[in-house]
């Protein structure tokens, strides 16, 4: 049986470990991202305080409905992350607006660095995510509803209306959540033999799908 001293050692060790992995507190009021500096240390370097302006903390990009007619999937994501709003640097949060054409889809994707919460501005949506056990957690949403997508899990949103658009506001616990599209990542990057084996499809089918998702250099 463990002694009181042994229990104290375990508790102290756990506390030290928890502190070590937690985010550190801010060491200054703000650290506005210097987007012109190519050097990154797990984030952007800070502008000189004398160069900080109110515009670093201001963004109008989420006010307007995006044009979805040019989107192949019928959805457009407008991000308000650190790349658009430098004042977010080191604050650990960001937002996006997602607009959907009638029957539009925000295809299956994941955010490796953030959980996401959405608020339905207009319309009706079918949304969901898939757990690592392969279980689909999904439901229908209406105007004013809120839904959460856990960090790193595959998720989607689809406008269920055939004649009306939809829009949501999304918030993230990261200044730059990152987005990895399932189909684009697989068919835009992986070799044909890997895809053929994984999906049990023929080279001709792979080539046809890959033509829609050119590889990134």
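Just so it is clear, glycine is given a Cβ too, placed from its N, Cα and C backbone atoms.
Bear in mind that the values here come from a model prediction, so they are computed numbers and not experimental data.
Annotated in TrEMBL:
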- 106, 111, 116: oxalate binding site (BINDING)
- 109, 111, 116, 155: Mn(2+) binding site (BINDING)
- 31-46: disulfide bond (DISULFID)
- 60-207: domain 'Cupin type-1' (DOMAIN)
- 1-24: signal peptide (SIGNAL)
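Note: the CA-CA distance between residue 106 (oxalate binding site) and residue 155 (Mn(2+) binding site) rounds to 9 Å.
Counting residues of the domain 'Cupin type-1' (60-207) by DSSP class, helix then strand then coil, yields 24 helix, 56 strand, 68 coil. Listed in sequence order, the residues of the same chain lying 6 or more apart from residue 109 (Mn(2+) binding site) and placing their CB within less than 8 Å of its CB are 154, 155, 156, 179, 180, 181, 182.
With respect to their backbone Cα atoms, residue 31 (disulfide bond) and residue 116 (oxalate binding site) stand 23 Å from each other. It is 46, among the disulfide-bonded residues 31, 46, whose Cβ has the fewest other Cβ atoms within 10 Å in the structure shown.
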